[in-house]
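I have placed the structure first, in the form of structure tokens, so that the comments after it can refer back to it.
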Amino acid sequence: MGLTTPAWNINNTVVNGSNNTEHFSCVSKFNTLNFLTVIIAMFGLAGNAIVLWLLAFHLPRNAFSVYVCNLACADFLQLCTQILGSLECFLQLNRRHTFFLTVVFMFAYLAGLCMIAAISVERSLSVMWPIWYHCQRPRHTSSIMCALLWAFCLLLNFLLGEGCGLLFSDPKYYFCITCALITTALIILLTVVPSVSSLALLVKMICGSHRIPVTRFYVTIALTLVVFIFLGLPFGIYSSFLIMFKEFQSIFSYHVLEVTIFLSCVNSCANPIIYFLVGSIRQHRLQWQSLKLLLQRAMQDTPEEDSGERVPSQRSGELESV
């Protein structure tokens, strides 16, 4: 069966006759796209590393920053696998290593999507039921949820890799299809749930009897979700369909998968840009200050006063221990 291996592995079969030119052209386009992926991923690694460093060591920890920190970690891991995968293509290294990178890439991809969904749902809960959220919510919920989400994604991708012959055993067709169906359903669910919760929250903010002011953090999460839908979601859906339906491999060019991988790379790089951009907007204009202050503003879940910034509330910060 045809497996959805990443576009990091080129078929080295020599093509005779008139197909030589076409084969060379495909390889040239492939290398160009992967070169762009490496360049963009390097910038993304730097951005996510800065976010991780600031959230882990320089900013007070709260319920939402824990999720954002884990999202940055997932993006960092995903970008690392993309860079290594592109280098494997250039060096023509072991195909088995490429399969392993495929599993790690999907693991990081799903983990990042889980973090986005968790942030969006928890943000909606904090607005819809504020009394329960601030009084009854157990401590360390964010840390426990992140650990469970990482473990779940690791287990699911291990089963997917084993069933599809990407790790240690031969492919098992029906088991592989089953895992692919579960993965596809999970991707769709994790996209629909935060979209609906964010839309419901927006309606409550605009049309509710007690209007809730829009905070920077809501804007940050909304932009992150929108960017993922347009840039990150195509890879998850398309790669899953490649596993489940062989017809996709003949109908669509393999370069479509390469493009979706590239878009996923751009998505992982965009998140730090969103954080710092939202943090830099003040009184309808950009004000560039220290990265620490910009990130702190982007994580701010309290409304701003007309005269200036409010100090972020410590109540949400007390939900998690440092």
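Quick reminder: no glycine exception, Cβ is built from N, Cα and C everywhere.
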Look up the topological domain names in Swiss-Prot for L33 and R216, then state whether they lie on the same side of the membrane.
no
Taking a Cβ cut-off under 8 Å, which residues six or more beyond the ends of the transmembrane segment (35-55) line up next to it in the same chain?
61, 65, 68-69, 72-73, 75-76, 79-80, 82-83, 86-87, 261-262, 265-266, 268-269, 271-273, 275, 291-292, 295
By a Cβ-Cβ criterion of under 8 Å, what residues six or more beyond either terminus of the transmembrane segment (148-168) are in contact with it?
3, 5, 70, 99-100, 102-104, 106-107, 110-111, 114-115, 118, 175-176, 178-180, 182-183, 186, 243
Kindly state the mean pLDDT of the topological domain 'Cytoplasmic' (120-147) in the predicted structure.
86
Would you kindly check 99-119, 173-193, 261-281 and say which stretch has the most C-beta pairs under 8 angstroms to the transmembrane segment (71-91)?
99-119
